[in-house]
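So that you can see what the record holds, here are the features copied from TrEMBL:
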DOMAIN    23-287  domain 'NADH:quinone oxidoreductase/Mrp antiporter transmembrane'
DOMAIN    289-341  domain 'NADH dehydrogenase subunit 2 C-terminal'
TRANSMEM  150-170  transmembrane segment
TRANSMEM  201-218  transmembrane segment
TRANSMEM  238-256  transmembrane segment
TRANSMEM  276-301  transmembrane segment
TRANSMEM  322-343  transmembrane segment
């Protein structure tokens, strides 16, 4: 893609998200979401491939439907209340706006577009879609969390955790694995949204860090399948090792970064006397834990048994400082998570 066009698209993404973050008005928030949607579509189709065109079309139709629902609900709410304020919502429109934002995020059962779209686009665009594009809808959801129906949030959260684990079990394509991982993590965030929005925000920040670390690592070795990661071992053994650890961090195993949000969420659910919900959530997350462990196990098993002692195999992948920083944060930030929670 032309560097000037790329810069314009990235700048538009930044402007759209910033506009939504700064707005107290549903119309301005909607405009920011639309700028975001329109700015990422050229990035999806920068490789003129039928799969990329299909992914961009699916993404556009889904996001346009969710945006229309947001605009119509906000308009009807403004007609009823006389204000466009984000935090002033009347009863029937709170649910429709929440559902539209969840559709934009890719929460189950409104998740069907996400795995297919991420599978059809380049890794760099998949990184933006999995992290940056979720900031604006998540911020709006946080702002209306005190008005959202608790039963809706619990249902969507548990469904997303189950679908995120179940869908990722038999995947060999790493982009689809990351898509189902995203659905599962969003389920954890939505589950605790009503009880503790601060925990949701912390979980979102740590999810963004871990997902970015995984995507940066995949981009470094240009891998989209599990088998390709295994064959990358002779070129960059340290990077492949850290990728396995990032996968375990995404699974939520201690003492890695991904363990802290799960621990804090379970403790908060126990504090709210919802022990049954906490137990069901932990059982549902075992599915995701299984597929992360399976992925790691497959990666270890398929490592080449004999590495020829040739210097050509160590023509190393250039690891950027950004990849190293994000991977370090994705693995070692667990002891600092209580401090971050206090700051939030």
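Just so you know, glycine gets a Cβ as well, placed from its N, Cα and C.
When Cβ distances are compared across the two stretches, the transmembrane segment (322-343) makes contact with the transmembrane segment (201-218), since 3 or more pairs at least 6 residues apart fall below 8 angstroms. Looking just at the domain 'NADH dehydrogenase subunit 2 C-terminal' (289-341), the mean pLDDT is 71.
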